[in-house]
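What follows is a single structure, written as structure tokens, with notes after it.
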Amino acid sequence: MASPQLCRALVSAQWVAEALRAPRAGQPLQLLDASWYLPKLGRDARREFEERHIPGAAFFDIDQCSDRTSPYDHMLPGAEHFAEYAGRLGVGAATHVVIYDASDQGLYSAPRVWWMFRAFGHHAVSLLDGGLRHWLRQNLPLSSGKSQPAPAEFRAQLDPAFIKTYEDIKENLESRRFQVVDSRATGRFRGTEPEPRDGIEPGHIPGTVNIPFTDFLSQEGLEKSPEEIRHLFQEKKVDLSKPLVATCGSGVTACHVALGAYLCGKPDVPIYDGSWVEWYMRARPEDVISEGRGKTH
């Protein structure tokens with residue numbers, strides 16, 4: 001059983017810096033840069049990683065470690081694929097994984113990989129609070145170049161409780177067995193601002209609640225306190241004592257909702273992996289709620 005320290009969802013930049021300076025026997029640490037950006041931003045996450053990263057970090061490619069047979073972006077891979085990929089990045093059964101990204105927000109895509117490790121049964125995983133942005137602000141050391149972690153043996157077993165499918169969400173329109181929170185920007189949720197992907201109109205799934213993922217972060221890019229997050233959920237009438245599912249555009253920022261709930265003592269929030277892209281492509285026009293064009297065919 002992992003120590004409570006290893007199960008903490010967030011670790012500070014100073015904690016990571018100290019752990020790198022003085023590694024603990026029997027508790028190997030592996031940092032992963034899980035930076036990912038929407039194509040329209042024109043940022044090359046891997047190239048940026050090679051230019052600068054936290055010492056000892058390896059690059060985790062969300063698109064590469066995915067189900068490449070799916071028509072939808074970066075859907076969860078099979079257990080064997082994930083195990084092989086994580087092992088190549090130096091993650092073994094006893095490894096404490098600390099994930100960050102280099103986004104301007106502080107954390108953007110890293111919570112997706114935090115959720116992936118947990119979904120595949122590895123709970124010794126944390127996020128670097130504030131990401132690379134906060135690390136830089138603390139003037140902590142950096143490295144450059146490609147990383148070459150020593151491969152490790154990693155075993156993965158998917159817990160299906162971490163995922164919801166299109167069919168689950170569709171059935172929930174009638175049954176209302178669980179609440180659904182959408183973490184996209186308000187304009188995209190309402191249908192008044194464009195989606196970043198061609199061929200996908202903005203809008204939302206009927207009955208969903210909108211909490212943009214940036215609402216979970218402070219101006220400095222650090223995660224808000226559990227008290228502030230609890231208030232955020234309460235403001236939107238989300239009951240953390242009842243089942244809750246998170247969605248977004250393609251299953252990345254939804255993981256901020258799962259993280260926020262986890263910090264409030266609710267570790268069981270699954271992600272609708274296909275999220276809005278899948279819903280828009282598969283749902284009936286009347287199940288696409290929008291103040292804009294909606295779905296016309």
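Placement of Cβ uses the backbone N, Cα and C atoms for every residue, glycine included.
Looking at the stretches 129-144, 145-160, the one that Swiss-Prot records under the feature region 'Hinge' is 145-160. Here the candidates are Ser35, Ser109, Ser275, and Swiss-Prot annotates Ser35 as phosphoserine. DSSP labels the residues of the domain 'Rhodanese 1' (25-144) in these numbers: 37 helix, 18 strand, 65 coil. Within the model, the domain 'Rhodanese 1' (25-144) shows a mean pLDDT value of 96, rounded to a whole number. Here the C-alpha separation of Cys248 (active site, cysteine persulfide intermediate) and Ser35 (phosphoserine) works out to 17 Å.
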